[in-house]
Each structure stands twice: as structure tokens, then as C-alpha cells.
Amino acid sequence: MPSVRSGTAPVLTLVVAWLLLTSGVGPGVLGSDSATDAPESDDNPIVVDADLPTDGPTVEAVIRLEEPDIPAGISADETERRLETHAESTQEPLLEYARGRDGLHVKETFWLTNAVLLEVDTDAVDYGTFDRFGAVEAVHENVEVSVPERPDRVNATASGAAALAGGERRTTAGLAQVNATDAWDAYDTRGEGVRVAVLDTGVDTGHPDIDLATDDPSDPTYPGGWAEFDATGGRVAGSTPHDTGTHGTHVSGTVAGGATTGTAIGVAPEAELLHGLVMTDTNGSFAQVVAGMEWAVRQDADVISLSLGATGKHAPFIDPVRNARESGAVVVGATGNDGPETSGSPGNVYETISVGAVDRNGAVPSFSSGQRIDRTEWAAAPPDWTAPPSYVVPDVVAPGVAVTSAAPGGGYRSMPGTSMAAPHVSGTAALLLSIEPDATPDEITTVITETARMPAAGTVTGDTTTANGTEPLETRYGHGIVDAKAAADALVAVRRPSDDSVAGNASDSNPSEGARSPSSPVFIAGVLIVVSLTLAVLVRYRVGRR
């Protein structure tokens, strides 16, 4: 058997050790592809949603199957491939059974979360029948989602004049409040090269301040960057861009709208805007939202903006959100408009950047949702979910009262709600990714939350403060009001630590959890291991030569 020459052994040892250290790949990962492993049957009974009707005539039921094990450190593209491969292999036995069984009709399949939507005749099929498939874990309803209900005490108006900020450059008050223009000027970016997918009620592309874009010539709406999904998650063939209400156009304008009137309305006006219609007027379904998220991931969206939700804590949204994030997308969601001690999904999923509202004075309006969430409150949450035992939503707040943006028909409209706040954060994420294209969703989340500013003590009143009226409540503000410029400074300080061009002091910013830097304990430990291996090998080498 050929042997390695003694003179090259130390070099090979060092190379292998260093590659293992810097690649983040452990011995247990090398050569494995758990996404394609055959599902194993277990003795755990499936979880059937108590809200599922048991009397007909037919019911739309979402069959959830086991999720793949995605190793840490693999690429977004590889994550997406593993999700698709795993879904295809584990769903096949169920699909074959459903297609040959009376009382079952396959409506749609999904891979961003491993799920199949079936139409079930409950007179002919019992939900327990799915327990025969080892990969099936749960059955739940096709949860209804909606645009957060418009706040009663803050009316929408057709005039946006009151919500404009003056000065040499005219912008909406919202853009001024999140310091968007300061980020534009400091880093010479307005979101170029970043793709944001808004999933909403549709969009009026005839509006002079809104353009959709895709570089995929096979897209049937090219250059539209558009898709519409029906209630079962099926893509509507031949659909062209339109808004079934007003909500989607308004949200899209805040993310990436232009300034044809002389007033800038979009936080990231040069970002590539995609729009998926997942709600008709104000209502949609779990299947529509997941289908829209899958489409956004396939379109390489860097940011997914969700100004929608279902009130309460709905565990079915956990896997789609965290898988989208693992696929490289920053997911931003509104918390809802039901006030204190409430929130909605997917905005309240831990991996979402959850957004509440503030007015122009920095006060949280009474309608803005927020609460401390105990992980145990999520019924049937995935057992491997890494959310902490307790956490607060919103993560941050942004302008959500009298927000001026685009309206269908070429006009402008002032509207309230956390739906209006969330796109300010989506646009901010786009600015950050334009500055640092290789930043991870974890890094974007960290700098947005850790640089948000809390109002000074005693400057806000009412239910936004503690009993003594001096300290803002975390369940109302989260980390505070989003600051695009401060977040950009922090991101550049983390990713370019030797760059002296950073405007502002962000030297105390922390890298995202798990990031490796020359001063991190993981990195130092790794260096010590390599040094130890080097000394051991050299000693053995010298002894062997004597």
C-alpha cells in the first residue's frame, strides 16, 4: 500500500486541520446527505389539529411531514436543494396513497415546509389514517391569514401632505424617522442589487413610483417579477400585475417606491421589487403564503416582506420562516394591530424580524401588537425549534401612523398600521444588503435590532411606558425605533473591522451569534488545536528521522 512521504505528512495534517476549522464542517457532516435519507417510521402518533372539522362535506387539510436535518454552514443553494429533495422523497408514499384513495384529492405540495394540501372527505377518510406514514407528523387546517385589521382610532386618508418631511430633499416622514437618507448619503446606495419580495394583495405597476423587476426571461410576466397564488397555493396561470385592494401597492411603495412627485416614498428605491399576490382584498391562506415564500426563495429574494398574519401563535408558520431564512432570505413581518398582549403569525415567529408601529413623535399607538411570548404557548411547535424559552415581540418598531405611500390609480394615500411599519424595516434590510451583499440574515437581524434607538425616558406616555411613566416598555418598543444609518455603520464595522471610512461610532457592535472573528473563543480554540497538532506532528517527524 502506498504511504505518504514523511516529509509531507506534517503539511497534510495542517491542511486537513485548517480546512476542517475554517469550513465549519465536522467529521459527522462529511459525506452525509441527510436530506435524501429514507424516512423512518416511529411510534409517535401524529398530532391532529383540534380545529379541523370532522364533518363534511370536504375539508382542506395540510399534512405535515418530517423536516430534513440541515447541517450548519452549508450554502443557501444547498439548503434549498436539500429541502426540495427531502420533500420529494418523503411525500411520494403519501401522494401515491392519496391519488388511489376515494375521499382524498391532492391540491398542492410544498417543499419550503414539508407539506401536502389535501381535500379530505371526512365521511370517507379519518385523519388517523395518515398515521400509517412514518414521515407524517401532524395534520392541521389551511390557516386563514389576513391583512391586520385597520386601526379604528387612526383613520386612513387620501392626502399625504401632512406626512412629508421638508428640507433640501423631500421625503415621507417615515423615511426621515428611520434615517434612510443618511444611509443613502453615507454609503452611496439606495438598495441596488438587492431583491425584495413583498407578499400581499397585489400591486399596481401602472403607478409612476412602482416598478417590478426580474432578470429571469423565462418568467411569463417578464420583466414583471410577479406571481399570483390561489387559496390552495397553486400559481394562477396568465396572471398579470394588479392589486385586489390598496394594501399591497402601499406596502410596495414604502419598500422600494420612487420620487416622481419630488417626494421620496421608498426606503430602498433602487432595490429590485418582486410581488406575490397571496391575498384577495384582505384575506388569504397558509397555503398561499407558503407558496409565495417558495416562489420568493426560488427568485433569489434577499428579503421577504410579510404585512399579513393570523392572530395568535400558529406553529405551522415556524418551519416556512426558518427554512426561508436558512435559504438566505431575511424575513420581516408585522406583529398585528390588536394592541398590547397580542401578536400574530408569522410576525411572532422567533426567526422573523417582527415589527410594531410608532407615530412621528416616537410613541407606540394603542393598536400596535406586542407581548412576551413563552415558547410553551406554541402548540405543536417543532421539537428542534431553537427559539429561547421566552422572547419579546416586536423586535423593533418603525413608522406606522399616517404613513404616506403609493395608492392604486397613480395616487398616494396615508395609512396606519404595523403593515405600514414592516416595509420600512424590509427596505432598511435591503439598504444593508446593498452595502454588504454577503451579510447573513443573522447579521442583518443583529445590526437592525441592536442599533434601534429607544426614546429617552419620560418622553412618551400612556401604555408605552412602565407604571412610573419613565421607562419605555420592551413589549411596546422591542429594541426601539429602526435606524438605517446606525445599522449600516454597525454592519460595516463588523464586516470591515479595519475600514476607517465608517461614518459614526459602531466599534462596540457585536457580530451575529456564531460568527467567527479573530477574537472569538471558537477561533482562538481552533488556532490552539492547530498549533498543538503541528507540534505533535513535528515531534513525531523528528523522532522518526533519528
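Glycine is treated like the rest: Cβ placed from N, Cα and C.
If you look up TrEMBL, you'll see 191-480 marked as domain 'Peptidase S8/S53'.
Within the same chain, the residues at least 6 positions away from D200 (active site, charge relay system) whose Cβ sits under 8 Å from its Cβ are V147, H247, G248, V251, S252, H275, G276, L277, V278, M279, S305, S307, L308, listed in sequence order. According to TrEMBL, the active site, charge relay system annotation covers D200 (among others).
Positions annotated as active site, charge relay system by TrEMBL: H247 (among others).
The active site, charge relay system feature in TrEMBL is assigned to S419 (among others). In the three-state DSSP scheme, S419 (active site, charge relay system) falls into the helix class.
Sequence annotations record features per position, and here TrEMBL assigns region 'Disordered' to 497-518.
Residues or ranges marked as compositional bias 'Polar residues' in TrEMBL: 504-518.
Feature annotation from TrEMBL assigns transmembrane segment to 522-541.
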Out of the active-site residues H247, S419, the residue with the smallest number of other Cβ atoms within 10 Å is H247
For the domain 'Peptidase S8/S53' (191-480), would you mind checking the mean pLDDT of the predicted model?
94
